[in-house]
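S.K.: According to TrEMBL, the feature domain 'Peptidase S8/S53' maps to 104-564. According to TrEMBL, the feature active site, charge relay system maps to D113, H340, S526. Annotation comment: TrEMBL describes 612-721 as domain 'Tripeptidyl-peptidase II first Ig-like'. As annotated by TrEMBL, domain 'Tripeptidyl-peptidase II galactose-binding' applies to 741-825. Sequence annotations record features per position, and here TrEMBL assigns domain 'Tripeptidyl peptidase II second Ig-like' to 867-1051. The region 'Disordered' annotation in TrEMBL covers 1092-1113.
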Amino acid sequence: MQTPPPSLFNFNFNFTFKPTSFPPSLFLSHHRLILISPKPTNYTTTTSVVIRAMPAAASSSSEIDNNGALRKFKLNESTFLASLMPKKETGADRFIEAHPQFDGRGGVVAIFDSGVDPAAAGLQVTSDGKPKVLDVIDCTGSGDVDTSTVVKADANGCIRGASGASLTINPSWKNPSGEWHVGYKLIYELLTDTLVSRLKKERKKKWDEKHQETIAEAVKQLEEFDKKHTKVDEVNLKKTRADLQDRVDYLKKQTDSYDDKGPFIDAVVWHDGEVWRVALDTQSLEGDSGCGKLADFVPLTNFKIERKYGVFSKLDACTFVTNVYNKGTILSIVTDSSPHGTHVAGITTAFHPTEPLLNGIAPGAQVVSCKIGDSRLGSMETGTGLTRALISVVEHKCDVINMSYGEYTMFPDYGRFVELVDEVVNKYRVVFVSSAGNNGPALTTVGAPGGTTSSIIGVGAYVSPAMAAGAHALVEAPSEGLEYTWSSRGPTADGDLGVYVSAPGGAVAPVPTWTLQRRQLMNGTSMSSPSACGGVALIIGAMKAKGIHVSPYSVRKALENTCTPIGCLPEDKLSNGHGLIQIDKAFEYAQKAAELPCIWYKISITQAGKTTSSKLRGIYLREASYCDQSTEWTVQVDPQFHEGASNLEQLVPYEECIELHSSGKDVVKAPDYLLLTYNGRSFNVVVDPTKLSDGLHYFEVYGIDCKAPWRGPLFRIPVTITKPKIVETQPPLITFSGLSFQPGHIVRKYIKVPYGATWVEATMRTSGHDTSRRFYIDAVQISPLKRPIKWESSALFSSPSTKSFTFSVEGGLTMELVIAQFWSSGVGSNESAVVEIEVAFHGIDVSKDEVVLDGSEAPVRIEAQALLSSEKLAPTAKLNKIRVPYRPTDSKLSALSADRDKLPSGKQILALTLTYKFKLEDAAEVKPQIPLLNNRIYDNKFESQFYMISDSNKRVYAMGDVYPDYAKLPKGEYTLRLHLRHENVQYLENLKQLVLFIERKLDKEAVQLSFYTQPDGPVTGTGSYRLSTLDPGSKEAFYIGPPTKDKLPKNSPEGSVLLGAISYGKPSTVVSDQGNDPEKNPVSYQITYQVPPAKVDEDKGKNSNSKTSKKSVSEILEEEVRDVKIKVLANLKQGTDEERAEWKKLSVTLKTEYPKYTPLLAQILEGLLSQEVEDKTQHYEEVIAAADEVVNSIDRDELAKFLSIKGDPEEEDFEETKKKMETTRDQLVEALYQKGLALVEAASLKGEMAALAANLDAEVVDKPGGGGGGGESSVDLFEETFKELQKWVDAKSSKYSTLVMIRERHSGRLGTALKVVNGMIEEESGKKKLYEERIWLLEQSGWGHLVAYEKQWMLVRFPPTLPLF
């Protein structure tokens, strides 16, 4: 997979029969929260070898045949309702009917998912009246609020919230310390995208109503002005009309630029003497209703204490709970990140007293909700969430875990999470059930952790005829049950089964209240896993009630050895596992095995005579070389007891005589018997596939207890053989015709990809069908130390037709080509679809898989050849990204809170926070890249990684974890903080200088590279190479040149890397039209260019001393001394009163020495502007005086005369004089500008604004109290200064807009002032003062809805603190 899937194992939000895809981290999707369409179900092809069926217990139910089909059903109201929550298929209904008290009560189920809504239907109480949900925990930290700020109430019982709002405390709240912890949260950060979208529509509707009224009023005022003044000649009238027009324009622009970032919540946390309490102020969410005040909130505490929850508002109907950590400094507001988790919990345990047919599988069980789907990442799981969830499982003494999330993995049964899971299962005896994935129907598509981890039971998704007819509402149900087409298949890359059991993979179950419905249909392995988990909860509850010791080993063995097989072929196990679970039979097995030791049998396999450090869990012969010879394998069986088992009482006495069986003795040979003791035993297995036909074959070696054969297989060694067909034609072409398809049918073909092949062009034709048919077409190859190489497509044939596909392949490896008709496609039609597929292999073999241009002018030689057939050689290469390396500017190692981050072993988790700084000269799309850690969640030894990118105002623009994504950032300086977690301090110490790349898209700056026939081509520009034809076996060479220096993108520093893609072949235009974009080619390779050092500026320093000075030595010395004195003055600090006194003393001395020297006076003005003093009035007067001194030191007539004359550049000293005059002008302009600002501030402090406004012929818009004399003189000075400034510069330019804005504001022309301030914000978007000015202008304009809108945005643009990780 190229991009990670969100990791939910099935996520479907509509009442369709499409399979659900995993939510951001549901099983193996590529985007967060995507829906995966179902693919057809599969039947494996028959082999020519007679083999023995796999051992499995048969169900005694007359309604379930040996193919797992539920045949005898009639759809009436009760059977319809029952089909919405399937229980008959697994015997759960029979079990509860026979044992009404064994309905899961006494069992606790942990739901690792997107969060569970405790207010959802069926999740309030258990069947025996206990609270259904014991705890609701956000393990990701996505709902964390920083409440470390402590305030005290004033005399009126008010506090200032973290948002800046004044909050009234309810006097009845007990708070012995008087300390109130405050924090805030933008509510959209807590809600799902779906809910946010709904809220935005509702809020926009209300906002539009107010805004249209405001626009209408503004237009009315303009029209009235025009009626009153038919001619507008007088200057002030022109300005007044322009102001009215600016108001209208501003309001209209707001309509288009409206972007609702949502309301905010003020949170208050305090200790009432017994527990931590929480209250929220949600007034900004409630609008003008008067609701949501802090004092009206009914305080909550940690959910597990009182099990109370809240709802933000009636509009959102979103349930939340609260938890307080770290002595009140962290508040966790827990909401779900998708409906998925609630749906899963409902399948597992929902209890509906009046609707028993819609009960979950174990209505008596209780739930602990562990949210692992991070709301900040669209519900993607994180390492932090997974680890904290496991900690919570042990803390709450859970019996079973359900996890309907997952990803692809490179290494099965490997990684930090797997280690922690093993501990929880083996030491704390928790059963772990998880989804196998939704990436079928190809083999080896199971995901981590469910399908790849030995200590987890991976569950496939099954659909019965009743489910098809009822829940999926099909016109005609299939005649027998089958695996959903999209359900992932085994084996794992290391040969394990992958899918261990199957369960119903669809249900209509509870969803959160914010969805505005009670239940919803979803399907996927995300649904089959909780169905199996609910069955496990039934078994555990019954075992507890019967006094039977519960062990995940014994429970799993009971499940697997009592399944009803699905399908009649041995290889069906790769799709269905051991079959459809049967709860009643599993409990009978558990009862019978109650006195037996609880043991799991760990299997480790190596190929005899082959040295390798990796151990296998099965035998998987996939490549042709393994299928053409016999191979010998060493199998090590180690009995695994739970941690704490007694050496003398359990380990020493343990001994089992095991009879070994092979399901295909002609192919797989094993010894007959094995004596197994605690220290384990090894034996050899010989596999001879040479006589097998092409295709898929599956066998097992399994061990039976000689003394108790009823136990069934104690362990199994899966043996999977995919014997490929060899393509012998030249050019290599293979056709499969006459393939007949019914709904759910799957055809698998195995082909050895010819050496030299790099891509496939396939053509698929259908015929014989009268209705549309949907097919899944997948191709999979397995390569060492890689995730499966998978290409997939879904094609809808509305009528018999032809479709073409092209995809890359790796030569020499076996390719599985799967064609599957979707399980519900074509239902109701009596005609089979006939398929013919033609597969043509193409390839250009090149000497360099990755091209590296080293930064020199030299090109790189590339040699290409076609090994299979004639191919068009048309190389094209483009560099479209740049990566700039950074090392941390700071690193901080800290211990995390023991509340959530202390492992069950007692070890404290540590965090390393690395800080990186980078700058963007222009707006760009960027993505951080951490090569060591990216793209691995489960197969990673590090526990967690999380990054945040923020600007200098602490505004966060991007967040991410193992799957970084591009984010659009405006021009500016940024900080990236990377948060890494692990218990091992040395691991973290080793990463303190971790290199991180900032990858930036080049877009318009992308560089197209050129090809040459000569090594000197890049310099001479001759011998270009474009296109030729490669004959089979022939070679051709050419050169690829580096980018020319003028083509290098801006801001590409030395050491950075330009990267892109290069392609060589030219597939059929029918299949592909790539143009000059190599990434559109089915086969492309990476190309990089190392940015060399920048060229030396040859002109630098040439003219510094080119002219002989006419000044005497004494004059030069005097000027140098003067300039040094000024430099000393500029470098003096002014942080304290003493330092400011020293600065003032020196400035007075220098003014005495050089009274009219403008640079000195300009430096003194600059020094005054940098001062922070308490007496503002005196300070502004000093600034005004200093500005006057600068102005008076300049001969403005001479300056104006010089600037107005175009001088002769050839004239001696012209350039030097010009530069001096321009510097003087700049100093004059700056002095006038600063004087104007100081005059306004001084007038404001003295209460002279009314006089200023009056003088400007405008309405007074602010009337501060007080006032003193001298106002008229200040006003005259302001106008005089402003007019003088206009002589020298365009005062409306962005640099001087502040003065213009202030002038317009105090003239009462608020519309024009808004126009000016908006222009300033576009130029300098990071200045908080400008946004505050805009809010003030909106308030004075009476536009309350815009004021509220801007204030909400202020918390986005200028948050008081950075968010927590």
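Backbone N, Cα and C atoms are what each Cβ position is placed from, and that goes for glycine too.
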S.K.: How many whole Å apart are the CA atoms of S526 (active site, charge relay system) and D113 (active site, charge relay system)?
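M.R.: If we compare the Cα positions of S526 (active site, charge relay system) and D113 (active site, charge relay system), the gap is 10 Å.
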S.K.: Please report how many Å separate the Cα atom of H340 (active site, charge relay system) from that of D113 (active site, charge relay system), as a whole number.
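M.R.: Distance between the two Cα atoms comes out at 7 Å.
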S.K.: Of the residues in the domain 'Tripeptidyl-peptidase II first Ig-like' (612-721), how many are helix, strand and coil by DSSP?
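M.R.: Output for the domain 'Tripeptidyl-peptidase II first Ig-like' (612-721) reads 12 helix, 56 strand, 42 coil.
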S.K.: Report the DSSP secondary-structure composition of the domain 'Tripeptidyl-peptidase II galactose-binding' (741-825) as helix, strand and coil residue counts.
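M.R.: The domain 'Tripeptidyl-peptidase II galactose-binding' (741-825) comes out at 0 helix, 51 strand, 34 coil.
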S.K.: I'd like the number of other C-beta atoms within 10 A of the C-beta of S526 (active site, charge relay system), please.
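M.R.: A 10 Å sphere around the Cβ of S526 (active site, charge relay system) contains 39 other Cβ atoms.
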S.K.: Among D113, H340, all listed as active-site residues, which has the most CB atoms within 10 Å of its CB?
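M.R.: When each Cβ's neighbours within 10 Å are tallied, H340 tops the list.
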